[in-house]
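J.: Take a look at this one; I'll ask things after.
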Amino acid sequence: MDAPGFQLALRFLVILAVASSAGAAGACSSVTFSNRVYAACSDLPRLSSSLHWSFDAAAATLSIAFVAPPPKPEGWVAWAINPTADGMIGSQALIAFHQPNGSMGVRTYNISGYGSIAEGAIDFQTSDLAAEYSGGVMRVFGKLKLPAGTTAVKQVWQVGSSVADGVPQQHATELENTQSKGTLDLIKGAVSVSEASSSRNKNVHGVLNAVSWGILLPIGAIFARYLKTFESADPTWFYLHVTCQIVGYGVGVGGWATGLSLGSKSKGIEYTTHRSIAMALFSLATLQVFALFLRPNKDHKYRLYWNIYHHLVGYTVITLGVVNVFKGLDILGVAHKWRAGYIIAVCILGGVALFLEVATWIVVLKRKSDVSTKPYGESSSNGVQKPLSI
């Protein structure tokens with residue numbers, strides 16, 4: 001390669017390397033502030049936000065700039081330090097929003113519980129509090145006096161969509177909001193995200209309920225509805241049906257219990273529809289289990305009514321179970337592949353049910369045809385015609 005060509009290629013590689021380095025540094029490095037310079041910055045993993053800071057270890061002062069877009073222009077953004085835990089309760093917050101006169105301002109809040117909050121002093125001495133709003137983004141500035149010897153803090157950040165009478169209103173409860181917390185290492189200049197045990201518990205809750213109410217119970221119903229039509233499958237179909245339903249119910253109880261545990265640890269965060277369906281689902285499923293002990297004999301005059309009850313409640317439980325699994329997937333905010341995977345599983349079960357529906361009706365109609373063509377007085381080998389169950 002000639003010299004001019006080599007130099008041109010070299011320049012291109014240098015430019016490419018610089019651009020790649022800038023991209024790797026993150027979007028926070030491109031944010032600038034008038035009359036403010038910070039020693040470090042980090043793009044936070046939730047809510048499209050970033051934190052910029054300088055820490056004076058000798059004076060134990062932390063200067064910060066928190067940048068985030070509120071859901072709506074009339075909303076609010078907040079950054080906080082929690083000296084006692086890694087969540088919202090106990091956090092000492094700086095919240096910025098448009099003041100009644102239209103200007104941007106920052107107020108301090110000691111978050112002592114869920115629900116409405118009140119402005120008040122926080123555990124850290126503050127100064128240089130200010131806020132800006134432009135281009136759909138809010139910026140919170142402030143300096144906090146930390147306890148001597150502090151090397152790391154637990155941070156919480158949040159955004160909300162509305163302010164009423166000068167009071168920030170409750171934020172959303174999506175995964176982006178509930179997991180916006182982590183640790184800021186003031187010495188290393190690093191940000192780590194909290195992997196709270198509640199996150200793992202939510203995943204366990206979701207898996208248990210998807211497998212039980214969303215898969216095992218429908219499979220058990222398929223065994224009961226279709227296999228009993230074939231004489232060779234009797235009584236195997238019954239044992240398969242009972243096994244699936246008992247195992248599904250047992251796993252479902254575990255999922256329901258983890259849901260109760262999550263609810264007790266998340267006061268103020270409610271998923272009303274999901275919870276109401278779950279309560280109805282669990283109640284009907286439990287009733288279904290106890291109804292087995294009251295099942296009349298096949299020749300009892302009330303057996304028909306018991307069968308009707310059993311089928312109606314059973315299909316209601318399955319329907320509620322599948323619907324609530326999708327509700328849960330929405331709440332967890334899972335990756336598309338997990339939702340797609342469950343949709344595929346439901347479609348497979350639906351396809352199998354459709355195939356067996358056609359097959360069993362063919363068997364039933366053929367039996368009726370065979371019976372109708374026999375001479376008067378003759379019957380099938382066992383004298384019983386097994387129809388397709390409800």
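Backbone N, Cα and C define each Cβ position, glycine as well.
Feature list, courtesy of TrEMBL:
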- 1-24: signal peptide (SIGNAL)
- 47-160: domain 'DOMON' (DOMAIN)
- 167-365: domain 'Cytochrome b561' (DOMAIN)
- His205, His241, His274, His310: heme b binding site (BINDING)
- 207-226: transmembrane segment (TRANSMEM)
- 238-257: transmembrane segment (TRANSMEM)
- 277-294: transmembrane segment (TRANSMEM)
- 306-326: transmembrane segment (TRANSMEM)
- 338-364: transmembrane segment (TRANSMEM)
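For the listed features, I'd like the structural context: burial, neighbours, distances.
T.: Here the transmembrane segment (238-257) has Cβ contacts under 8 Å with residues 205-209, 211-213, 215-217, 219-221, 223-224, 227-228, 278, 282, 285, 288-289, 321 of the same chain, all six or more residues outside its ends.
Nonlocal intrachain contacts for the transmembrane segment (277-294), taken as residues 6+ away from its ends with a CB within less than 8 angstroms of a stretch CB, comprise 213, 245-246, 249, 252-253, 256, 259, 306, 309-310, 313-314, 316-317, 320-321, 323-324, 327.
Sequence-distant neighbours of the transmembrane segment (306-326) (same chain, 6+ residues past either end, Cβ-Cβ under 8 Å): 209-210, 212-214, 217-218, 221, 252, 274, 277-278, 280-281, 284-285, 287-288, 291, 294-296, 339, 342, 346, 389-390.
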J.: Select one residue from His205, His310: among these binding-site residues, choose the one with the most other Cβ atoms within 10 Å of its Cβ.
T.: His205
J.: For the transmembrane segment (207-226), give me same-chain residues lying six or more residues beyond its boundaries with a C-beta closer than 8 angstroms to one of its C-beta atoms, as numbers and ranges.
T.: 237-238, 240-245, 247-252, 254-256, 258-259, 281, 285, 314-315, 317-318, 320-322, 324-325, 328, 342, 345-346, 349, 352-353, 356-357, 359-360, 388-389
J.: Quick one: give me the count of other CB atoms within 10 A of the CB of His274 (heme b binding site).
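T.: The answer is 17.
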J.: Who sits close to His241 (heme b binding site): which same-chain residues at least 6 apart have their Cβ under 8 Å from its Cβ?
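T.: The list for His241 (heme b binding site) reads Gly220, Ala221, Phe223, Ala224, given in order along the sequence.
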